[in-house]
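Enquirer: Below is a structure I'd like to ask you about.
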Amino acid sequence: MIFIPIEFMFSAQMLFLFIHVVRNDDSANKNRPFLILILLSAVQSFLLGLRWGYDVEATSYIVPILATLVPALVYAGVLNVVERDRWPMAPRLAVHYLPTVLVIGLTFVWREAVDIVVVVTFLSYAVVILRLLLPGTDALGITPLDGADSTYRAIFFAALSLLSFALLDTILFLSFMWKHVEYVPSVILFANFAALVMLGLAATLASNSRSAPETPQQPRRIEEEEELSGSATIVRIEELMNDDKVYRDANLNLERLARKALIPSRQISQAINRSAGMNVSQYVNGYRIAEACDLLQATRRSVTDIMFDVGFQTKSNFNREFRRVTGMTPQAWRNKYTPGCDGAEAASNPSCAPQ
């Protein structure tokens, strides 16, 4: 009977995940570090299958080297949803290869220290990513505002996954040190499950978290930004929302809003936090939901059409934000506030039909 290590199954699942993300992602908008991360983890899982399924000892030299690239790729992917074009800078890129170079050197001269370097690398990147998240969802300057909350949670769990990997690698290191290798297969299996969770989050970010590049009709005017008081900032933002309906732009993010308002993004975030007690994503989505409520009540258009018109890109984000603002689903709102939807006429009224 042919023995197939379960790690091979994980590797195949990651390859399918990679294909799914590439097919469903906008070619101009790919978060490449996360895509590379998926492929790298597929390779790692395959190598682990060779090591623990077929006792191929040589893979134990390769896996730690590849492992040092994982947190750097997560960090690069996170930067791609925090600030556009930060990662490609060559000096920054070179710094993130240092742990890999160090592990390669230690593999030949002091192999016992390799696991320590890997653990420290995972912990360091996890801490840096969590620090990036301290401002809340407003830290995601180029993430479309309709999905900023879900992207923020995904990044947070990705950071926790790095911490989990550090813990698991520590357990493996101690198991070998104390000669309790009977626990190693279980730890490896758990680590693969954790990898799938992290990659699922990474795939979500890779496909949904970056706004489309701005067109020539949306010029960069950041050099004209001016400092305004908190109240003046809110007035400027309200004008953009009420008069220009900028919230209808599905790719609207904090950076783009700052360019339209000619106000620094941090100032916008602080003003909204203080005056409305919410983040920028919730503030903008509030305008979207308000118009959606008006359209649901006044027209017979489908919920999906209304969702796109007011600036949402996915039903999940629209339904979540609608429930947050109104306490009910879009269809329940329509049934409650549209004449003829709360009585015997509801069955014959097209506006009341679930959509």
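FYI, residue positions are counted from 1 along the chain as it appears here.
Keep in mind that glycine also has a Cβ here, set from the backbone N, Cα and C atoms.
Quick paste from TrEMBL:
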DOMAIN    235-336  domain 'HTH araC/xylS-type'
TRANSMEM  6-22  transmembrane segment
TRANSMEM  34-54  transmembrane segment
TRANSMEM  60-82  transmembrane segment
TRANSMEM  94-110  transmembrane segment
TRANSMEM  116-134  transmembrane segment
TRANSMEM  155-177  transmembrane segment
TRANSMEM  183-206  transmembrane segment
Enquirer: Restricting to CB pairs under 8 Å, which listed stretch, 34-54, 60-82, 94-110, 116-134, 155-177, is in contact most with the transmembrane segment (6-22)?
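Expert: The stretch with the most contacts is 34-54.
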Enquirer: Please check if the transmembrane segment (155-177) comes into contact with the transmembrane segment (60-82), where contact means 3 or more CB pairs closer than 8 Å and the residues in each pair are separated by 6 or more positions.
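Expert: Answer yes, regions in contact.
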Enquirer: If you count every Cβ pair below 8 Å, which range out of 60-82, 94-110, 116-134 shares the most with the transmembrane segment (34-54)?
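Expert: Going through each listed stretch, the top one turns out to be 60-82.
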Enquirer: Over the span of the domain 'HTH araC/xylS-type' (235-336), count residues by DSSP class, listing helix, strand and coil in order.
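Expert: Grouping H, G, I as helix and E, B as strand yields 76 helix, 0 strand, 26 coil.
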